[in-house]
Amino acid sequence: MLGKWSSADGSFKRQRSVFQEPISSDHPVFKPAKGRYWLYVSLACPWAHRTLITRALKGLTSVIGVSVVHWHLDAQGWRFLTADEQTRQKAFKDGIFESQAGGIASAKLDKSSHLANVANDSARLFSDATFDPNQHAARLSELYYKADPDYNARFTVPVLWDTQTQTIVSNESAQIIRTLNSGVLDEFAGEEATKIDLVPSELESQIDEFNAWVYDNINNGVYKTGFAESAAVYENEVTNVFAHLNRVESILSEKYGKLKQKYHRLDEVLAHYYTVGEQLTEADVRLYTTIIRFDPVYVQHFKCNFTTIRDGYPHIHLWMQNLYWNNAAFRLTTDFDHIKLHYTRSHTRINPLGITPLGPIPDIKPLVD
Ligand SMILES: N[C@@H](CCC(=O)N[C@@H](CS)C(=O)NCC(=O)O)C(=O)O
């Protein structure tokens, strides 16, 4: 029996993660190593998406493997596709788990151009999902029970898995991205990536402060809006989401004005156009995964429809486009089909007919119109 998300007053409550270990040379079990750890993600999930972006930014795509669950979440939770030994071997040979920064490498080979043609039970290997080469699990729940036979909460992604002891290191995205950023795996990463620090000490308190209100009011705010079970809760939450988007817009608008005075060319401005300080930080990673889903899903599916990012928030829009179009770690880990299909076809209480809206068109606008 899966745990309940909502509480008696109809408001949405997110459960606390129960596995929260770091990887570190001081840790009694989880020591740094190449090829030992594995990420289980959903390309639809904004929390899992944070870990894919961080893994790519830190040059860890050939250090930590990835499995992608099917976009359709049903009553038994997330599932993988199963694959025979030959397909598994070939996938490794083709570098499918490494080449696309966490996306599904061969998706282009097998992609329906119309979302309507994709059934909820479709099983297109490397397009709808990948397999689990470690435990050969059919369900994510099997990994949770392997780690703890008495586990009795929800089976959430992301999961950082230790292939050596066959257990979960962490299922808390905020902690996983701090671990990946901490430098413990730097010795196995490319030289350029090791220079990236998403939480530089001089910005740490600002990043933490920004993350805290963005988490409660935007990242989780859209869920509190969409899963509200009464009009009063919904109206309160949706108003709150937009009040905080306004706050981000004014931070970025001020930042843009200052950068325009300092640098002249747009590419120079964009190279410093981030939420905290003038460099890419964890604050950008965590905000991005919600903003990129906003127009395609949250506007209609979660009823966050005061306006769209593209029409109502020019500075947030430019910031998002810059991350997507100018940074492969963001672009290659963003899969709009998984994003749209997952929400609209898994939340049957919100969208009982499971019809997936095709728009907005395009999913994201080009950087220069
Ligand atoms: N605390 C977790 C939250 C993760 C989470 O809520 N994941 C959702 C997908 S967006 C999930 O896996 N839900 C599965 C379910 O509810 O059965 C984190 O940030 O890592």
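Cβ atoms here come from the backbone N, Cα and C positions, even for glycine.
As the structure is a computational prediction, the values presented were derived from the model and not from experiment.
Every protein chain shown contributes to the tally, and the Cβ of CYS45 (active site, nucleophile) ends up with 25 other Cβ atoms within 10 Å. Residues or ranges marked as active site, nucleophile by TrEMBL: CYS45.
Annotation note: TYR223 (active site, proton donor/acceptor) sits in a helical segment as assigned by DSSP. Look at TrEMBL and you will find TYR223 tagged as active site, proton donor/acceptor.
For VAL157 (glutathione binding site), the same-chain residues lying six or more positions away in sequence with a CB closer than 8 A to its CB are TYR40, VAL41, SER42, CYS45, TRP47, ALA48, VAL69, TRP78, LEU140, ASN171. Residues annotated as glutathione binding site in TrEMBL: TRP78, ARG154, PHE155, THR156, VAL157, GLU172, SER173.
TrEMBL lists 200-350 with the feature domain 'GST C-terminal'. Regional average pLDDT for the domain 'GST C-terminal' (200-350) in the model is 97.
Among the features that TrEMBL reports, site 'Lowers pKa of active site Cys' is placed at TYR298 (among others). The 10 Å shell around the Cβ of TYR298 (site 'Lowers pKa of active site Cys') contains 25 further Cβ atoms across the protein chains shown.
Taking Cβ-Cβ distances under 8 Å and a sequence separation of 6 or more, the neighbours of TYR343 (site 'Lowers pKa of active site Cys') in its chain are ALA44, VAL297, HIS301, PHE302, ASN351. The site 'Lowers pKa of active site Cys' annotation in TrEMBL covers TYR343 (among others).
Cβ neighbour counts within 10 Å, taken over all protein chains shown, single out SER173 as the most crowded of the binding-site residues THR156, SER173. Comparing the binding-site residues TRP78, PHE155 by how many other C-beta atoms lie within 10 angstroms of each C-beta, the top residue is TRP78.
A gap of 15 Å separates the Cα atoms of THR156 (glutathione binding site) and TYR223 (active site, proton donor/acceptor). Proximity of the recorded positions (VAL157, SER173, TYR223) to ligand 1: a Cβ under 6 Å from the molecule is found for VAL157, SER173.
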